[in-house]
Amino acid sequence: MLPRDERRFKAADLNGDQTATREEFTAFLHPEEFEHMKEIVVLETLEDIDKNGDGFVDQDEYIADMFSHEENGPEPDWVLSEREQFNEFRDLNKDGKLDKDEIRHWILPQDYDHAQAEARHLVYESDKNKDEKLTKEEILENWNMFVGSQATNYGEDLTKNHDEL
């Protein structure tokens with residue numbers, strides 16, 4: 001096992017038995033969804049983006065994670081917009097770099113509802129007639145999205161009988 005995966009597994013393994021229950025394995029695969037895993041998400045983000053190894057993410061590292069500047073031409077407008085986002089909203093203490101708390105605020109905003117976002121995504125992608133309601137046919141036509149979704153417990157809930165359906 002790779003050191004990074006081992007660290008993540010240990011954090012997910014709440015009872016420390018070195019065996020993953022269904023919930024622990026889900027925490028391993030989707031750590032952003034579990035409170036006890038959020039430090040791992042922040043640490044892994046820092047490790048991925050902090051190229052100079054100083055323990056912070058500066059603006060150039062932040063941009064390099066999204067945009068590879070291959071030529072010496074001007075940056076696209078969206079990159080300039082991201083630089084403004086970094087300065088105005090990401091770098092909360094205005095020191096020119098993101099620390100772990102600022103990274104947490106950026107990637108794990110407290111006002112973000114993952115379940116609601118996933119539900120909206122499923123409806124947006126599957127609602128062919130755009131009436132904001134899913135029919136059985138629309139769900140079946142897009143079954144692969146639903147079985148891969150946490151909203152359906154990765155397809156497990158689709159096999160159970162439901163009175164509301």
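Any Cβ shown, glycine's included, is placed from N, Cα and C.
Among the features that TrEMBL reports, domain 'EF-hand' is placed at 6-35, 37-72.
In terms of DSSP secondary structure, the domain 'EF-hand' (37-72) contains 19 helix, 2 strand, 15 coil. Below 8 angstroms of C-beta separation, residues 4, 7-8, 11-12, 27, 31, 79, 82-83, 86-87, 90-91, 96-100, 103-104, 107-108 of the same chain, each at least six residues beyond the ends of the domain 'EF-hand' (37-72), sit close to that stretch.
Shown for the domain 'EF-hand' (6-35): DSSP residue counts in helix, strand and coil, namely 19 helix, 0 strand, 11 coil.
Summarised as a single figure, the pLDDT of the domain 'EF-hand' (37-72) averages 93.
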